[in-house]
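*Asks:* Below is one structure. I have some questions about it.
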Amino acid sequence: MNSPIPVPATPRTPTDWNSPAMQNRIRRRYAAERRFKALGLVSILVSAAFLAFLLITMVGNGARGFTQTEIRLPVDFARSTLMLDPAALKGFGADAALAGADIEGVTAAAADAAFGDGGARLLSDGAWLSVREAIKERPEVLQGKADIWVPAATSVDLAAKGDGDAAGEAAYARLKAANAVQTGINLTFLTKADSTDPTLVGIWGALKGSLVTMFVTLILAFPIGVLSALYLEEYAPRNRWTDLIEVSINNLAAVPSIIFGLLGLAVFLNFMHLPRSAPLVGGLTLALMTMPVIVIAGRNAIKSVPPSIRDAALGIGASRVQVVFHHVLPLALPGILTGTIIGMARALGETAPLLMIGMRAFLASPPGGITDPATVLPVQIFLWSDEVSRGFVEKTSAAIIVLLVFLLAMNGLAIYLRNRFERRW
Amino acid sequence: MAKFHYLIGMAALALAGCQGEGGAGDAGGGSRDQIRAVGSSTVYPFTTAVAEQFPRKFPSFKAPIVESTGTGAGLKQFCAGVGAQFPDVANASRRIKKSELEDCTKNGVTEIVEIQVGIDGIALGESKAGAKMALSEEDIYKALAATPYGKPNTAKTWKDVNAALPAVAIKVFGPPPTSGTRDAFAELILEKGCDANAEMKTLKEADKDKHKEVCTKVREDGAYVESGENDNLIVQKLVANPDALGVFGYSFLEENLDKVQGVKLQGVEPTYETIASYKYPGARPLFIYVKSAHLKAIPGLKEFVGEYANAWNPETGYLKRRGLIAAPDDVRAKNVDIATKLTPLDPATID
């Protein structure tokens, strides 16, 4: 048994590391190492450059979308043609009284009076809405004069941001000389819904639509996905049927999203007659798309829980359900949540299936619930990129920034959850 | 432990929610308090502008929902039936076709109101740095048709088409065949250029399909570049290619006059006036169709049509500022009358 190690007939001389042949080989090895390192660095730099290009162009174009130029408009209500009784603007009937008044005409007249003929052209089409708000807030202004800050027209707005045409630049210079213009944060953009006028658009409608749609998706896809993963990993016997199911789920995860849109159109709209353009239908469609991703991530997370934990729990008399819910699921949860959030992030950026089910409509008010018509962030970006008015260019970029921030927050949450709950064996 | 029981509870709730939501959705399909409009992407900016203004003028109604689907798809949805799940208004950048009208009648949509809201122009444009081209319909047809007058197209430069034109390579950015703008371009410009030839006129009588193929099929060897439905993109391409021409809606030309200029067609420049008077060859009427059966059922539909009629007035309305070209006075008066009385369309006038 203990045969001695065979000794070579002629003893080997030790390698001479200083010989030129050996030195040459060592150099070649180091060179290969350096080449590989450099290649890796170049690929990182290329992807970083793409990312930087995307972010810099988006932020460069889009940052302006968050600001807005306003013009100080002096309105002489007492001498205007506005027939409004301040008493009628308190309590019920205020809106009706305001709707009946020709505030639009008064605003245009005030602009012409203050900035010369064509002054109304310097104001946004929705400037009168600011005037109406001012009257609603302080009905007493009706008795005298008031300076009201109203949004500027697109041409003036672009000129203020250094991208205007000749006429806009001239008008802006004139307003600037009169000290009647300021640029500030665009609160409208963050609080209002879509509009046909770039000075009045807001992203909140689409953001809320995205949130509601994501909520419906999560409520449906998460429980179904996690329970499927648990069943397949912990209970299902290994046979031809479960193999078939596994292949189908992997296939489903790779199906292009437009096909889910067609499915949603055929099943939820044409067969079940759910309301068109509603976040409910969008959420259902996206849930179909997200569920396989959750199942796959969930199965991998459950698989990585060491079998010794299951054996130990079973050994001290725990039932199968107790093993799953007391031990396996809590340990697998970080992996499942990461998978879920990545699936949700994909769903958030999805446009194609939502176009099919009509979530691309023009909506002037944010959705109130899951059956109200709504649109979502990527669709809103798509719609704005096709708008005629040039003011929409910066709004499109600003909307992209909002979408990126939303995505970043979701991915950040995924990383946080993973680090917070992850356990290593 | 309680946490994971809660998880199961949530799953059960979600499943129950599925059924409950299904039921609620059906109920939601039974009535609607918002107007719903679908159809042409060309009419979309005008209908949305009216939709936005509508609740400001009539605070008791909600803002209508406007969806841009294209004329054909919009009319298909519009004609699919009467009821809350079908749209009330269809935007169209052409008149309804006889086949579509038959489809409507078959599905119970027997009475519709046709209102012409204005005119749109298909403009040819080039970069400000371009050669200031002036073309005829025939030039464009010969340059862009796949088989001009039945022979393969070999023209490489505009000079090959017409000796009076500069020797600049033919390159035209335009909409794809799915677009209504392309249909109008084929019908208003290509077909007319084609019919300038007497032989083609006789062909039209002899073989309609062959005539359509010869007259409206656009070459696919790279001279005509399909640039998607996004007209902003075409404007950008023109700025980058001073020798190229672009085909787009007049409102895009008007909005970007600092970057692009109109190309004279038959000696007429595309301006508001020449399109309004139909002197510019690329002018076409725009319509909305309203379902009569919904006028009582959908709150605000009548008022919405009335608001539209106010909005298209070139002096007092706001649609002119959005790029809509008002129809001639007599057409406008007739359509204001239709919009107030809501006279249904006589099917006999459609061919």
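Placed from the backbone N, Cα and C atoms, the Cβ positions cover glycine too.
According to TrEMBL, the compositional bias 'Pro residues' annotation covers A:1-11. Feature annotation from TrEMBL assigns region 'Disordered' to A:1-21. Taken from TrEMBL, the feature compositional bias 'Polar residues' applies to A:12-21. Feature annotation from TrEMBL assigns transmembrane segment to A:38-59, A:211-232, A:252-274, A:280-302, A:323-345, A:398-417. TrEMBL lists A:207-414 with the feature domain 'ABC transmembrane type-1'.
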*Asks:* Treating G and I as helix alongside H, and B as strand alongside E, what does DSSP give for the compositional bias 'Polar residues' (A:12-21) in helix, strand and coil?
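*Replies:* Looking at the compositional bias 'Polar residues' (A:12-21) with DSSP, the answer is 2 helix, 0 strand, 8 coil.
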*Asks:* Between the stretches A:211-232, A:252-274, A:280-302, A:398-417, which one has more Cβ pairs under 8 Å with the transmembrane segment (A:38-59) than any other?
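*Replies:* Stretch with maximum Cβ contacts: A:398-417.
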*Asks:* Does the transmembrane segment (A:323-345) come near the transmembrane segment (A:252-274), with 3+ Cβ pairs under 8 Å (pairs 6 or more apart)?
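*Replies:* Answer no, regions not in contact.
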*Asks:* Below 8 angstroms Cβ to Cβ, which residues of this chain, lying six or more residues outside the transmembrane segment (A:252-274), approach it?
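*Replies:* Contacts with the transmembrane segment (A:252-274): 280-282, 284-286, 288-289, 291-293, 295-296, 350, 352-358.
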